[in-house]
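Working notes, structure below.
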Amino acid sequence: MKETPKKVLVIGSGPIKIAEAAEFDYSGSQALKALKEEGIETVLVNSNVATVQTSKKFADKLYMLPVVWWAVEKVIEKERPDGIMIGFGGQTALNVGVDLHKKGVLQKYGVKVLGTQIDGIEKALSREKFRETMIENNLPVPPSLSARSEEEAIKNAKIVGYPVMVRVSFNLGGRGSMVAWTEEDLKKNIRRALSQSYIGEVLIEKYLYHWIELEYEVMRDKKGNSSVIACIENLDPMGVHTGESTVVAPCQTLDNLEYQNMRTYTIEVARSINLIGECNVQFALNPRGYEYYIIETNPRMSRSSALASKATGYPLAYVSAKLALGYELHEVINKVSGRTCACFEPSLDYIVTKIPRWDLSKFENVDQSLATEMMSVGEVMSIGRSFEESLQKAVRMLDIGEPGVVGGKIYEAKMSKVEALKYLKERRPYWFLYVAKAFKEGATIDEVYEVTGISKFFLNKIKGLVDFYETLKILKEIDEETLKLAKKLGFSDEQISKALNKSTQYVRKIRDQSNIIPVVKLIDTLAGEWPSVTNYMYLTYNGTEDDLEFSQGNKLLIVGAGGFRIGVSVEFDWSVVSLMEAASKYFDEVAVLNYNPETVSTDWDIARKLYFDEINVERVLDLIKKEKFRYVATFSGGQIGNSIAKELEENGVRLLGTSGSSVDIAENREKFSKLLDKLGISQPNWVSATSLEEIKKFVNEVGFPVLVRPSYVLSGSSMKIAYSEEELYEYVRRATEISPKYPVVISKYIENAIEAEVDGVSDGNRVLGITLEHVEEAGVHSGDATMSIPFRKLSENSVNKMRENVLSLARELNIKGPFNVQFVVKDNTPHIIELNLRASRSMPFSSKAKGINLINEAMKAIFNGLDFSEDYYEPPSKYWAVKSPQFSWSQLRGTYPFLGPEMKSTGEAASFGVTFYDALLKSWLSSIPNRIPNKNGIALVYGDKNLDYLKDTAVNLVKFGLTVYSISELPLQGIETIDKTKAEELVRAKKVEIVVTDGYLKKFDYNIRRTAVDYNIPVILNGRLGYEVSKAFLDYDSLTFFEISEYGGGI
């Protein structure tokens, strides 16, 4: 019999970090929907302001608080839920659940854990308990021993035998894990590994070099009924984290015996931890015989379960929530197919490929090799009817400037076979591009296998693409059959045109004349074997007819955000989903085009139609030809939509909202700067970098520092502050590489200025605007800045000038829809530095802070005009809201943590408060690993910028009860100093509670900053923020814990 609790508390995952991303927005949203269907009151704790999940329609009550046990206890005390779900918020939620159990909070308030119980979670996540459980159940695990100290680890590694894999218990993204080939390797890194475990435990395991890694996803109900939903094959071998791996589903190289044996083991693993809901089980398979080991299991929704859900069309999170309530598998209907029960195991008539996306170029000193720790910030998922088609589509989806596996920058680069094989041995990201290059330069299958361990099945497929492309290159014209084969192999019009040395228009014209067009296929989870109703589609050239008839009417296509990267994350998915809902009032049919498996926008029940496919001009034109969309919306999905807006308009596509020509003016630094001059709007002095002589002349006039800004980029890509001629020329070179078609603008960098922004909506005549103020000074990228609503330090006079400037731009560019304007304010004079004619990164925050959905208002503005009489309207603030960045320094091996004009954060958290400091502290504490320092501990405060703020920070921390040291090489007046060597020793000994620093000091303090983040010690990288946070520590006892509506926020 199923349980029906009256009120359930759902724990979210907090801000996005590497290895814990938007998949938990998707899974948490589905869990909340499943609970709502049962008439259960829901309470959500999640500080991630950017998510769809933290909108009021999902949970009955929302608490935007740090996802830590003591904050959740306050909610439990107030709300008194009957049950708690901890399996839908990643490792963060599981850790909170275990803490609440161990501290007796759940028992005290009579709160029942729904789904897999705490003892099952501990069996799965403690490496030692998992190993013991597998052995007790006669399930195969690699030779291994656990350790809780450096000495024990070294002793056990000798017993197991080198090389060893060090796995970390209760851990996220493989943080701290490693392969140690020698005792010296182990000694060097074992302390970090132990520091990254929530329970201080590691497993020393025999390293299975070049074994195949596989994952199975399994559902299990309270009666023990199980369904295996997917088998996912990692192309990268053991030793590369699964989140870093290119994967395919269904698995391609297993024979039936291997598949069935591991399927049986998967069900046994689920039984051994008494799973109720969903888990994934990871296996290692010896490529030379029938030998396999169980590696680990995650007893919760995970990144791979989100992928499996989107790959198969099976709603894992929804079903898992129903099972947690006590339903049996046969009682739950698969909402995607609409006809089958959840006990049906999916069958696929297509191949899915997932590729991670890295942004390592943004980080100094970062280790570029793929290994046991996850470093990718996003992923893409493609669907095709051959491996080649699926892989090539996925490469284009990465949006890294490569047209497919072959024919791009790496393929045509000057690189020898030896160099290509060297890159492969080093396991660089996007290895398949180097595989293709190696084959082009004459490498054999065996040579590539030797350095990569990638199955020869896949290597042969990539070699086939190389051979075909090289054949294409010697053709003068292309015949119909060859063109058809090229499209079936996943070649884009751009790739084909490059091979033939023709234009893409030429290739498209031949395709149209020959009627070589893609067909639309449905994903129904059953490979067409069973009747189903579905709205989940992809395009392929490996088919003869469409699976559906296309409707007529007033239709809209919304372009999604694609794969996440630094600067494009879940906040843009919030905008896409908000637009879907708002647009349904104005259109007969709304479809979305996106390919990110982590998101809510790619869920089956959000859009009327979901096209899981590429976002580029070729694919959008294909869809318009079939669907006859009246409008295409490119403004909600971040930079990717804006990048194709102008070309779509040139091809006759009607864009919803602001015109492509206006977008081009805003995105082109030179055109935009000239427009500001024309309107008499103040901006920092600038020059377009057309020649080095011009740059020299400009710098001689304005002096250093200057800012180097490329065009058409997001997250400040290659945006740098240059303090010398040498830096300037290097930064100009890089900026020209990243955006070669557009001019680079050099502008004067205004020091010690306040940075502020306006998120807004316009109908071309009036503006609805929300002002945000940064805590850090101008020069820190807005995505890395701490923001407050309302503003604090800006004068009313400055804000009124900002509003006048915004209104002038809205009217001049005829802005219709959402926008964001960034200012630096010095001596009460605002200077515009940027205009984005799209939904912005901060829009979920500003919307939720003011209680007004700017995307809804954007649709009103486009179709009906804004409904207020003033030229410019800003809704009043009832309380304070503060947004803080989440950095993932600890995942990015070796990188130097510092802040500048190029974005480095991976996520954001926000909180509300009755004072600025109430909101600030809860927001800052929401980002991992931030915490309140233990009194009587040590703080390090030093730097070469914002010295007055650093000194006041130190004074506040002394008042709070810490012993504060500055560093003798960078002394602060009145603060006790120690030398750098002593400071490094204190950090390594984990005696330091917090580090507050400012400036770029890599040659001086690399070891301090790096060791601090490796050991999970909070680090504040800006003196102004350090001052405000240290002041907030003094008011720690007066934090408030209200539901979002009580602060007047939420939408």
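Just so you know, the numbers here start at 1 and follow the chain as drawn.
Cβ coordinates are placed from backbone N, Cα and C, and glycine is handled just like the others.
Model, not experiment: these values are computed from the prediction.
Of the residues proposed, GLU694, GLU796, GLU834, the one Swiss-Prot records at the same ATP 2 site as ARG709, LYS748, ILE750, GLU755, GLY779, VAL780, HIS781, SER782, GLN822 is GLU834. DSSP assigns ILE750 (ATP 2 binding site) to coil in the three-state reduction, placing it in neither a helix nor a strand. Binding-site extent for ATP 2: residues ARG709, LYS748, ILE750, GLU755, GLY779, VAL780, HIS781, SER782, GLN822, GLU834, maximum pairwise Cα distance 18 Å (rounded to the nearest whole number). For GLN282 (Mn(2+) 1 binding site) paired with ASN298 (Mg(2+) 2 binding site), the C-alpha to C-alpha distance reads 9 Å. For ARG709 (ATP 2 binding site), the nearest of the binding-site residues by C-alpha distance turns out to be GLU834; the candidates were GLU296, ASN298, GLU834, ASN836. For the pair GLY779 (ATP 2 binding site) and ASN298 (Mg(2+) 2 binding site), the Cα-Cα distance reads 41 Å.
In this structure, the C-alpha atom of HIS781 (ATP 2 binding site) lies 12 angstrom from that of GLU834 (Mn(2+) 4 binding site). Among the binding-site residues GLU296, ASN298, ILE750, GLN822, the ones whose Cα is located within 10 Å of the Cα of ASN836 (Mn(2+) 4 binding site) are GLN822. Comparing C-alpha positions, ILE750 (ATP 2 binding site) sits nearest to GLU834 among the binding-site residues GLU296, ASN298, GLU834.
Sequence-distant contacts of GLU834 (Mn(2+) 4 binding site), defined as residues of its own chain at least six apart whose C-beta falls under 8 angstroms from its C-beta, comprise ASN820, VAL821, GLN822.
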